[in-house]
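Enquirer: This is the structure, below, for whatever I ask next.
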Amino acid sequence: MATDQELPEGTVQNILDQESLKWVFVGGKGGVGKTTCSSILSILLSRVRSSVLIISTDPAHNLSDAFQQRFTKTPTLVNGFTNLYAMEVDPTVENEDLPNVEEMDSFISDLTNAIPGIDEAMSFSEMLKLVQTMDYSVIVFDTAPTGHTLRLLQFPSTLEKGLAKMMSLKNKFGGVLSQMSRIFGVDDRFYEDAILGKIEGMKEVIEQVNKQFKDPDMTTFVCVCIPEFLSLYETERLVQELTKFEIDTHNIIINQVLFDEEAVESKLLKARMRMQQKYLDQFYMLYDDFHITKLPLLPQEVCGVEALKSFSRNFLTPYQPSIKKGTVEELEQRVSILQEQLKDAEEELGRLREGK
Ligand SMILES: Nc1ncnc2c1ncn2[C@@H]1O[C@H](COP(=O)(O)OP(=O)(O)O)[C@@H](O)[C@H]1O
Ligand SMILES: [Mg+2]
């Protein structure tokens, strides 16, 4: 195994230093801390970049919770910042210029039956088109749990297949096409050309973006996880999929780590720490060429800009428990905690005996 000195630095400094980065994806299992980490990354980036946009594509939006501010599908300046914007988009939600809901439902169901994933591909490409014209220096994605994100990244090929299928089946799916023509508001006679043109245009945007996604100078994917078996397993799957899609990834954030500190006496906590250590060792072994950032599990949630800023310290300097195991200071603290506990127990025992 590599020695400490050979390991890449355990922070996200490399991301802040990479000036050519345009897209930063943050992904992982639900509840591991994606929103917290992407919010903090966007705050840190806002200090070194002219403008930053953070986009949540997770239908279970919680940028609003993290920043304690309401966000919508248009970029909104985050309170307390001059160059950090946030927006929440739902990749499954229909376009605004579409007609009534009933028509939309049948349109979407017809179309997704014909070309699975095209509805999402369409709104994702619309969103990318919008974002691209806005000229942000860097865009951070707080993505939905793993499977979903990888589907988004596959959209160019989904669209390509969809387009080919449309061409070959356009007679068979005349109904779908005529519904689409109403939706896009084009004349019936020209609907086929118009719609195919629209999809072609969409494909262009998404192809261009996809080229950027595959360029490690412009795009990177940050994997967030926790030191547990399932999360390790899922991270490995994610890293393999990203490699398959040729998307760069070299940062892992391990969140909710229990550090051996504060003279922990709880057997449960000690057992959990041992378990975590086993998986931490495995992370370091499997990803010795990654920047691995470890974040401590806090007693409270990370809510609001102040909490995010304060927690962001651990992204730049590896977290150090305040007290080192085995030192005089630590042993003194443990002895005094045990003395307190002994005193409490003796008092309670005394009370119980008297009560008999
Ligand atoms: N290291 C941590 N210590 C304590 N609470 C945390 C930590 N990281 C995240 N949280 C809290 O856990 C919850 C889930 O985190 P979140 O970032 O929303 O996860 P995800 O976006 O992956 O679902 C939030 O309430 C967040 O404040
Ligand atoms: Mg989230």
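From the backbone N, Cα and C atoms, a Cβ is placed for every residue, glycine too.
The feature domain 'ArsA/GET3 Anion-transporting ATPase-like' is assigned by TrEMBL to 22-314. According to TrEMBL, the feature ATP binding site maps to Lys29, Gly30, Gly31, Val32, Gly33, Lys34, Thr35, Thr36, Glu228, Asn255. The active site annotation in TrEMBL covers Asp58. What TrEMBL lists as coiled coil is 328-355.
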Enquirer: Over the residue list Lys29, Gly30, Gly31, Val32, Gly33, Lys34, Thr35, Thr36, Glu228, Asn255, recorded for ATP, what is the maximum interresidue Cα distance in Å?
Expert: 19
Enquirer: Whole-number Å distance between the CA of Lys29 (ATP binding site) and the CA of Asp58 (active site)?
Expert: 11
Enquirer: Which entry in the list of binding-site residues, Gly31, Gly33, has its Cβ near the fewest other Cβ atoms, using 10 Å as the limit?
Expert: Gly31
Enquirer: Considering only the recorded positions Gly31, Gly33, Thr35, Asp58, which possess a Cβ situated under 6 angstroms from at least one atom of ligand 2?
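Expert: The recorded positions passing the 6 Å Cβ test are Thr35, Asp58.
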Enquirer: Cα-Cα, whole number of Å: Gly31 (ATP binding site) versus the residue listed as 'active site'?
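Expert: The residue listed as 'active site' has its Cα 12 Å from the Cα of Gly31 (ATP binding site).
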Enquirer: Taking the recorded positions one at a time (Asp58, Glu228), which has its Cβ surrounded by the most other Cβ atoms within 10 Å?
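Expert: Answer by Cβ density within 10 Å: Asp58.
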Enquirer: How does the model score the domain 'ArsA/GET3 Anion-transporting ATPase-like' (22-314) in terms of mean pLDDT?
Expert: 82
Enquirer: The residue listed as 'active site': which of the binding-site residues Gly33, Thr35, Glu228 have a C-alpha within 10 angstroms of it?
Expert: Thr35
